[in-house]
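Asker: Pulled the feature table from TrEMBL, pasting it below:
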BINDING   A:C3, A:C6, A:C18, A:C25  [4Fe-4S] cluster binding site
BINDING   A:H252, A:E276, A:C320, A:C407, A:C435, A:C460, A:E494, A:K496  hybrid [4Fe-2O-2S] cluster binding site
MOD_RES   A:C407  cysteine persulfide
Amino acid sequence: MFCYQCEQADRTGAVPGCAGPLGNCGKDPATADVQDLLIHSVKGIAQYASRARALGAGNDEAAGFILYSVFTTLTNVNFNPTRFVALLQEASDIRDRVRARYEEAARGRGLEPERLTGPAEWQPAPDLDGLLAQAPAFRVDAGLDLVGPDVVGLRSLHLYALKGICAYAHHAHVLGRHSTEVFGGVEDGLAYLAGEPADVDELLDRAIGLGRLNLAVMELLDAANTGTYGPQRPTAVRTTPVAGKAILVSGHDLRDLAALLEQTKDSGINVYTHGEMLPAHAYPLLKAYPHLAGNYGGAWQDQQREFARFPGPILMTSNCIIEPYPAYRRRIFTTGPVGWPGVRHLADGDFSPVVQAAKAMPGYRTEGPERFITVGFGHDALLAAADQVVDAVRRGAIRHFFLVGGCDGPTVGRDYYRDVALGAPDDAVVLTLGCAKYRFNQHDFGAIDGIPRLLDLGQCNDAHSAVRIAQALADAFGCGIDELPLTLALSWTEQKAVAVLLSLLALGIRGIHLGPSLPAYLTPGLVAVLVDRFGLRTIGDPKTDIAAALERAGA
Amino acid sequence: MTTSPIEATDATDATDATDATSTIDTTGTTNATEVSPVTLTTSDGEHLDFGCAPGQTVLEAAAAWGAALPAACRRGTCGSCRATVTDGVYDLDTHSPQALPPGERDGGAVLLCRTRPHGPLTADLPYDNSRILYGGIPVREGTVTALKPVARDTVRLELLLDEDEEQGAGFQFDAGQFVEVRVPGREERRAYSLANTGNWDGRVELFVRLRPGGLFSSYLRDRARIGDRLTVYGPQGAFGLRETGTRPRWFVAGGTGLAPLLSMARQMAEWQEPQPARFFFGVNEAEDVFAETELEAVAVEARAFTYEVCVWRPGTGWRGAAGTPADRVADALRTVDAAGELPDVYVCGPPPLVETVATAAVAGGVPPDRVFRERFLPT
């Protein structure tokens, strides 16, 4: 086992990364190894798929499989080795079908099909023991002794950005939104990695290219979410219990939430959102369900305590699952790419076991005091009020914007984001997306001339909204995004944040504060390049960083 | 008299799952004087007092005592288990300086997953008592809803548990676990493996071998009636399915050792798990056969499940396989060709059966660590 894909990566040894006996996320070596193999396997699919698509013989079903299977390897998604053994066999079959299609397309054009090597010709062993014996050759840092740490670090950056891209694209795909650009971009990106690239400058340039691809993916996802459930609207969300039977839905997948709401309609069961599902309340077609009762708990790292206390079943629709405690292990269900050994997985969108559990469990016996937070300031809502915001900036009523985005997590140093939000001056607006906001979103920030000082843009998946809003403000002021009175403080945990970071760099945004630590796979040399080329900063003392941001903007 | 390789014939109740029921943590406990008393104080003033054995970290000792303290990596890198030692001598294992900066160590800050006390130790926890998960064996009351002989000296006992204040109406457990049932009118309890699967109705299904003179056996044989009230302790035990990929799973049962394995097979069917499964069920004589209907139901529902029943001393009326489950497993392993996958083997029954099956499985090529055993011992 070797894994350093997330912010929790072990940094106690000479080489940063989790090498067992257990990853800091809870992933065991067998699962880590078969995940490496699955990545290797889908690179093989991508090698043929990329060439087939170039010949007009794209296979969207295979591309959908790539998105899904790569998503299963993200941090805190799937910990069940059995699922990976099955996925590996499926990947091998799909690769063979894509190869046949490619060869047919090539011959149809009078071309001799290429004989591809590397992942394209790799065969997974039929059983777990055989797979584990194969795995060491396909570690993420394979080739380190040949190409050195900078190249391995950049390959890792590519892979992890692609993981984030696949996760976002999968969410869009399940809502029926996909594009040749996205499918082809993912296939090309994986096929490029299959060729074991070693040119540092090319790797850096293409990494920014992945950032641009991710912008397209996030736009697609935004269209999927708002197209299916309506544009987000500012919505007060109850954060206290309503008496009655209860189901908690966590993760990011709005389609799963919608299906559950439909399956619990008129049943008397209330549905609560958890973690990154909070922004679901802002979508008109979801909040139209009266039993979407409220939001429960905080960010993902607190789930063991919070799930144990919740008086009903829990449905986990995507990351971030962590080891289910015995107190709730038999009443938590996974769906989609998620998995945990010994936890019931519902694969077909039929959530009746969850409903049955909710009926049998006590639910909330009493009503809590009414408390609310407001969400739903996506680009549709904010751009509708753009004139008001621009005017407030011009008049000096709004001096600065702080975008506090990204994931929360258990590692130390994340209070920085709370301190930035709470320490921002009264004439600054705080924009949030992702679950880092749970450290401060119960605080009353007040308003500036009727504009709330805390504006939640949504999930980490809604980073597109931030880009749209920033672009609109830049257009209004006739400047670049980089020149806006805007400071970005990004809290990262897993691979989606890496994709978003590359997107922001692709937009030319400089001076992003990234933390609480930098990715373990970025060598000092690579960090120096990012600092030099993009002005990337680590987080520091919140007061100092706020003061510096205000000073820069005022200069 | 020949000792049966399949079903114990002792004149007392069988206690299912003896091995699995034992909560054993012998780490360093041979010399009690070396156990360090630890007192942790939560931010809301609750005290946790327990002993920390030599070699244990405070986090491990708390877990062994029954308190799962907040922790994530358990390796000194994430900082989730930080606390402040207020008194005591201790070793602090290697850890990330990010999780615990050197300067803070001087003030007594520690990571409990890295802290090994030498003598009495007190520490403050930076969270409320509510952050700590405490476990105990659940106790539920239930009503007898069915009691039927299913074979010679074997009954199926079904209970419906009362709704629980916290858990609700359901009875959730892991396939392979057991419950203890208190003998009515007495303090003694008897352990039986659960044959059904976790459910949201509160149903408990047990197969009980009736032993002459056995406490619970006597109750069931002589006094038990539909509607009787019983007290159930559990679920308990660690016998259960292991996730080892899509490798086949073979279940090998002797007598009422069928129960936990039937539960596993039923769960596999219910969850539509992908592993191909085979079930070998052995009894002494044809009159001892039971649960064929249940096995057939699994065969219908599961993705890939076959079963066979074998009788050690078949009479003239028995048309099925003869012999012991160990014989059948040995035969079946010989038919696994070079390209085939050797199975994981789950075996349950009296110790002689478990040992002979395990021996046969290992002789047939199954690695010893892939033979998962549960022994039924008489009490």
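Here, residue 1 is simply the first one shown, and the rest follow in order.
Backbone N, Cα and C define each Cβ position, glycine as well.
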Asker: Let me know how many other Cβ atoms fall within 10 Å of the Cβ of A:C3 ([4Fe-4S] cluster binding site).
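Answerer: Counting Cβ neighbours of A:C3 ([4Fe-4S] cluster binding site) within 10 Å gives 28.
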Asker: Go through the binding-site residues A:C320, A:C435, A:C460, A:E494 and tell me which ones have a CA within 10 A of the CA of A:C6 ([4Fe-4S] cluster binding site).
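Answerer: A:E494, listed in sequence order.
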Asker: Would you count the other C-beta atoms found within 10 angstroms of the C-beta of A:K496 (hybrid [4Fe-2O-2S] cluster binding site) for me?
Answerer: 32
Asker: Check the Cα-Cα distances from A:C25 ([4Fe-4S] cluster binding site) to the binding-site residues A:E276, A:C320, A:C407 and tell me which is shortest.
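Answerer: Going through A:E276, A:C320, A:C407 one by one, the Cα closest to that of A:C25 ([4Fe-4S] cluster binding site) is A:C320.
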Asker: Give the sequence-ordered set of same-chain residues, not counting A:C3, A:C6, A:C18, A:C25, with Cβ within 8 Å of the centre of the Cβ atoms defining the [4Fe-4S] cluster site.
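Answerer: Close Cβ neighbours, site residues excluded: A:Y4, A:Q5, A:Q8, A:A9, A:D10, A:G17, A:G23, A:N24, A:K27, A:A32, A:T75.
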Asker: Do any residues at least six apart in sequence from A:C435 (hybrid [4Fe-2O-2S] cluster binding site), in the same chain, have a Cβ closer than 8 Å to its Cβ, and if so which, in order?
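Answerer: Expected: A:G275, A:E276, A:G298, A:A299, A:W300, A:C407, A:D408, A:C460.
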Asker: Identify, among the binding-site residues A:C18, A:C460, the residue whose Cβ has the fewest other Cβ atoms within 10 Å in this structure.
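Answerer: The binding-site residues A:C18, A:C460 were compared, and A:C18 has the fewest Cβ atoms within 10 Å.
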Asker: Measuring Cα to Cα, how many angstrom lie between A:H252 (hybrid [4Fe-2O-2S] cluster binding site) and A:C3 ([4Fe-4S] cluster binding site)?
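Answerer: Cα-Cα, rounded: 24 Å.
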Asker: Could you state the CA-to-CA distance between A:C320 (hybrid [4Fe-2O-2S] cluster binding site) and A:C3 ([4Fe-4S] cluster binding site) to the nearest Å?
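Answerer: With the alpha carbons as reference points, the distance is 17 Å.
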Asker: Just to verify a number: CA distance, A:E494 (hybrid [4Fe-2O-2S] cluster binding site) to A:C3 ([4Fe-4S] cluster binding site), in angstrom, no decimals.
Answerer: 12
Asker: Can you give me the Cα-Cα distance between A:C3 ([4Fe-4S] cluster binding site) and A:K496 (hybrid [4Fe-2O-2S] cluster binding site) in Å, rounded to a whole number?
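Answerer: Here the two Cα atoms are 16 Å apart.
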Asker: Please report the three-state DSSP label of A:C6 ([4Fe-4S] cluster binding site).
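Answerer: A:C6 ([4Fe-4S] cluster binding site) sits in coil per DSSP, no helix or strand.
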Asker: Sorry to bug you, but what's the C-alpha spacing from A:K496 (hybrid [4Fe-2O-2S] cluster binding site) to A:C18 ([4Fe-4S] cluster binding site), rounded to the closest Å?
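Answerer: Here the two Cα atoms lie 19 Å apart.
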Asker: Among all the protein chains here, how many other CB atoms are within 10 A of the CB of A:C6 ([4Fe-4S] cluster binding site)?
Answerer: 27
Asker: Excluding A:H252, A:E276, A:C320, A:C407, A:C435, A:C460, A:E494, A:K496 themselves, which residues in that chain have a Cβ inside 8 Å of the centre of the Cβ atoms defining the hybrid [4Fe-2O-2S] cluster site?
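Answerer: Result: A:G275, A:W300, A:N319, A:G406, A:G434, A:Q459, A:N461, A:T493, A:A497.
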